[in-house]
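**Student:** Quick one: this structure, given as structure tokens, is what I'll be asking you about.
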Amino acid sequence: MSNKSAWYFLFLVLGYILYLIFGAVVFSSVELPYEDLLRQQLRGIKRQFLQEHKCLSEERLERFLSKALEASNYGVSILNNASASWNWDFTSSLFFASTVLSTTGYGHTAPLSDGGKAFCIIYSVIGIPFTLLFLTAVVQRIMVYSTWRPIMYIHTHWGLSKPLVAVVHATLLAVVAVSCFFLIPAAIFSALEKNWNFLESFYFCFISLSTIGLGDYVPGEAFNQRFRELYKLGITGRCGFSKKEVHVIQGYKLFFHCCSTVPSSICLMKRYSSHFQKLENATWLSYLCGLS
């Protein structure tokens, strides 16, 4: 039995490594030509600029660009159209705090001072577990009313089987989740952000929901953004709920798996139900699977 388990683990490790290699090959083959084209364009613009301004040496231009790029890494831009918006006003700081607590971390803004960096560490050490505890409590209550009770109500009053109701219910929840977490926000962002199309907006929603947070798309940073403070507050609310969305989706997946017609999954949950009931942050699993 132990040898079989070891083989399964070995196949899992090899499969994961192959999946990493597969992703690297695809990303490299797709993105490398665009990177090369962008590099050529930048070299051409730089060469043309030096030819038009012969009084400026290439070394001085390199120093200036290095300073500008270093400041840009901290979210500070030298462009005139970016000087009107501050990265550390209240709404922007609130948005940054939400990205820290939700572990999204877009990376477009980072603390500049040593005190800010030290506070960010302490704030994250306390805030991230607190956020997980808070969202677990919220999702625990949402799951009871959105999964177990509707299934039992329909099963009791309409006489339909639990597996059938679970499949239909999970399908409806999936449609609602995709619409509320991806399609509707993507449509809103594509309408509010002038430079974003629907695909880019959908991409941003997915990157945020999965808490990857690459930082290539950050809402509310456009020049002359209308109602920027109010817009930032709205985005902060959505960013704060990104973790809860992940918890809800994971709960829906577990619910669909446990209530499906596969007997082994139900038996497995029944076997460990007493253990789940002892865990305060996982008591919703008992409700979810109809074990209490």
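Glycine is treated like the rest: Cβ placed from N, Cα and C.
Summarising the annotation, TrEMBL assigns domain 'Potassium channel' to 83-142, 179-223. Sequence annotations record features per position, and here TrEMBL assigns transmembrane segment to 7-30, 121-143, 164-189, 201-218.
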**Student:** Could you give the mean pLDDT over the domain 'Potassium channel' (179-223), rounded to a whole number?
**Tutor:** 85
**Student:** How many of the residues that make up the domain 'Potassium channel' (179-223) does DSSP mark as helix, as strand and as coil?
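**Tutor:** Output for the domain 'Potassium channel' (179-223) reads 26 helix, 0 strand, 19 coil.
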